[in-house]
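Visitor: Below is the structure I would like to discuss, written out as C-alpha cells.
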Amino acid sequence: MSDTKAVPVMAEPETDDRARQRTPLQRLMGARATWIFLLDIALIALFTALSREGVFLSWLNTKALLLSGAEALLLAVGLAMLLGAGKFDLSLGANLVMSSVMAALAMVAMVGAGAGVGVTILAGLVVCLGTGAMIGALNGMLVAVFGINSLIATLGMLGVITGFALVATGNGQDVTGFPHQLQSGFGLRTIGGIPAPALLALTVALAMWVVIRFTAFGRHTLAIGSAPLAAERVGLRVTRHVMSLFVLAGMLAGLAGFIDIAHYQTTVINGHNNAALQAVAAAVIGGTALEGGRISIMGTIWGVALAVILQNGLVIIGVSSAYQLMAVGAVLIVAVGLDRMSSRRP
Amino acid sequence: MTTRTRGVASQDPPLAIGAEHVAKSFGHVTALRDASIAVRPGEIVALCGDNGAGKSTFLRVLQGIYRPDAGRVIIGGQEVDLTSVRDAQALGVDTVHQDLALAPDLSTVDNIFLGHEIRRRGVLGGFGILDRAEMAERADAALKELSIALPSLTVPVRELSGGQRQAVAIARAVMWSSKAVLMDEPTAALAARQSRIVCDLMRSVADRGLGVLVVSHDLPAVLEVAHRVVVLWRGKTVLDAPAADLTVPDLVATMVGHVKEAA
C-alpha cells in the first residue's frame with residue numbers, strides 16, 4: 001500500500017486547471033442568472049426612460065408587473081424542478097386551466113348549496129391543488145412507471161386535459177359566480193404594498209431554491225437529471241422521485257390556477273395556451289439546463305421577469321406586444337447559444 | 001496450469017462475497033450454467049472471460065440486479081437473497097462501474113454522499129437541510145485515506161479527468177461498503193498511467209479488509225494486481241487459481257475454451 005498522506009498523483013496539470021475552484025465573484029459572473037438579472041435592470045431603465053413621466057416604474061405599474069408574473073413564476077419554477085431531473089411537462093398550462101375550472105365549478109356548486117364564503121374558498125383552493133396534483137401524478141405515472149418520453153406523454157396529456165376542460169364547461173364557457181371575496185381577499189389584495197399572489201409565488205420559489213440548494217431531495221433531483229443510470233446504480237428510488245416531481249409541478253400549476261380565478265374572478269380557459277412553453281423559455285433563459293442536472297431558481301425568477309417586463313413595457317410605450325414574443329424568443333436563443341459557444345466541455 | 005481447482009475452495013475465513021453454482025437464464029438464453037466465485041476479506045479476485053462468457057450477468061447477480069435461477073449468493077459468510085441493488089448495498093457490497101457511475105453535474109462531495117446524505121442536527125435537519133461541512137470533511141478524510149488527491153471537492157465532477165472520476169467512484173464505493181467492492185472494468189476507459197493508479201487503489205481497498213472482485217479484460221494488470229483469478233467460459237467457472245501461477249497465454253487459452261483440448 002502506498003503512504004497515507006495525500007500526494008497529487010491524480011492531478012495532471014491540464015486537468016488541474018480545468019477543475020480549479022472558482023471564487024464567489026467568478027461564480028456570480030459566470031452564472032446566467034446574473035446576466036439575465038442585469039438585462040432585466042437594463043430593460044426596466046429603458047422602459048422607464050421611454051414611458052411618459054416614467055410611468056413604467058410607478059408603484060401602480062410595478063404592482064401590475066408583479067401580479068402578472070405570479071402565475072408564470074409558479075409554472076416556471078415547477079418546470080425548472082422537472083427540467084433539473086431531465087423531464088418536461090408541456091401540460092402545465094392545461095393543468096392550470098383544468099384546476100381552475102374544477103375549483104370554479106366546485107365553488108359555484110357550494111354557493112348554490114348555501115355554503116359559507118370561507119369554506120367555499122378553502123374548498124376551491126383544495127380542489128385546485130388536488131386537481132393539479134392528480135394530473136401531475138398521472139403525468140408522472142406515464143413517464144416514470146410506463147417509461148414514455150416526458151415530452152410525448154405530457155403533449156398527449158395537454159390535449160386530453162384541454163379537451164376535458166372544454167367538455168366540463170359546455171364547450172369552453174368560462175365559469176363565473178363564485179364568491180367575490182376570493183378576488184378582494186386574495187387575488188387583488190396587497191400585503192405591505194405587494195400583491196398577495198406575487199408574494200405567494202415568490203415564497204414558493206424561495207422554498208424551491210432552498211430545496212434544490214440545501215436538501216437531499218434537491219441533490220437527488222439533479223443527480224437523476226445528470227445521470228439517470230448513475231442515480232439508479234447508487235440506489236436512489238428514481239421512479240418514486242420522478243413521480244413526486246411531477247406531482248409537485250402539478251400542484252404548483254394548480255396553485256397558479258387558484259391565483260388565476262382569484263385574479264380575474266372567472267376562469268380564463270383560452271388564456272393559457274402557451275403557458276407551458278413560456279415556462280420552458282423562462283427556466284432555460286435563466287440557466288436551467290434542458291438536458292437536466294442544472295437548475296437555477298434565481299435565473300428562473302429573472303427569466304419570468306424578463307417576459308413580464310417586455311410584455312408590459314412594450315404596451316406602455318405603445319409598441320405592439322407581439323414584439324415581446326420575438327424578444328423573448330431571441331433572448332432564449334442568444335442565451336443558450338452563447339452558453340454553447342463558451343462551454344469548455346471536452 | 002497444474003494448480004487449477006474447480007468450483008469454490010474451502011471456506012475457513014467467512015467469505016466477503018461469493019457465489020456457488022449459480023445458474024441464470026433469460027428465456028432460451030442460458031447466461032450462467034454453473035458459476036462460482038469466492039472472495040475473502042482483504043483479497044483481490046479477478047473475474048475473467050471472453051465476451052458472452054457471462055461475466056456481466058454474474059456480476060449483476062452479485063449486485064442484486066438479477067436473482068439467480070439456482071445456486072447461492074454469499075455475503076459476509078451468510079447466504080443471502082438479494083432482490084435489488086439496495087439489498088446488496090445494505091449488506092455492505094457496493095459497485096464501481098466502468099462509466100456512468102457518477103452524476104457529472106454534482107460535486108465530488110455530493111457524489112460520494114449521493115443517497116447517503118447527512119442532515120443537519122436539530123430543526124433544520126428535520127426540514128431535510130444537509131450538513132455540507134460534515135459531508136465535505138468526511139469525503140476529504142475518505143479520499144485522503146486512499147491517497148487520492150483532487151484539485152477541488154466542490155467543482156462538478158465532469159470537470160475532473162477520467163482517472164480522477166474513477167478514483168472518486170472507488171472512494172464512494174469504499175465509503176459505503178463494509179464487506180466487498182465489486183469493480184466492473186474499472187480501467188477500461190483509462191490511459192495506462194491512470195489505470196495503474198486505479199490498480200494501486202484496489203490494493204488500498206483490499207488492505208482495508210474489504211474483498212475486491214474485479215471484472216477486467218486487462219489481463220496483464222489482472223495478473224499483477226489480483227491474488228486469484230476466476231475464469232468463466234460459457235456461463236461456467238472453469239478456472240479458479242492463484243494469479244501467481246498463471247501467465248497471460250494460459251489465461252487467454254482458458255478464456256477461449258482451448259483448455260479442455262490442451263489438458
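Glycine too: its Cβ is placed from the backbone N, Cα and C atoms.
Sequence annotations record features per position, and here TrEMBL assigns transmembrane segment to A:33-52, A:64-83, A:103-129, A:141-166, A:186-212, A:242-263, A:323-341.
What's the neighbourhood like for each of these?
Guide: Long-range contacts of the transmembrane segment (A:103-129) within its own chain (CB-CB distance under 8 A, at least 6 residues past either end) are made by residues 168-169, 175-179, 181-182, 185-186, 251, 254-255, 257-258, 261, 266-267.
Outside the transmembrane segment (A:141-166), and at least 6 residues removed from its termini, the chain residues within Cβ reach (under 8 Å) are 82, 87-91, 93-95, 97-98, 101, 135, 172, 238-240, 242-243, 246, 269, 276.
Long-range contacts of the transmembrane segment (A:186-212) within the same chain: residues 59, 63, 66-67, 69-71, 73-74, 77, 80-81, 84, 121, 218, 221-222, 252, 255-256, 259, 261-265, 295, 297-298, 300-301, each at least 6 residues beyond the stretch ends and with a Cβ under 8 Å from a Cβ of the stretch.
Sequence-distant contacts of the transmembrane segment (A:242-263) (same chain, six or more residues past either end, CB-CB distance under 8 Å): 67, 70-71, 74-75, 77-79, 81-82, 85, 87, 89, 92-93, 95-100, 103-104, 124-125, 128-137, 139-141, 143-145, 178, 182-183, 186-188, 197, 200-201, 204, 221, 224, 272.
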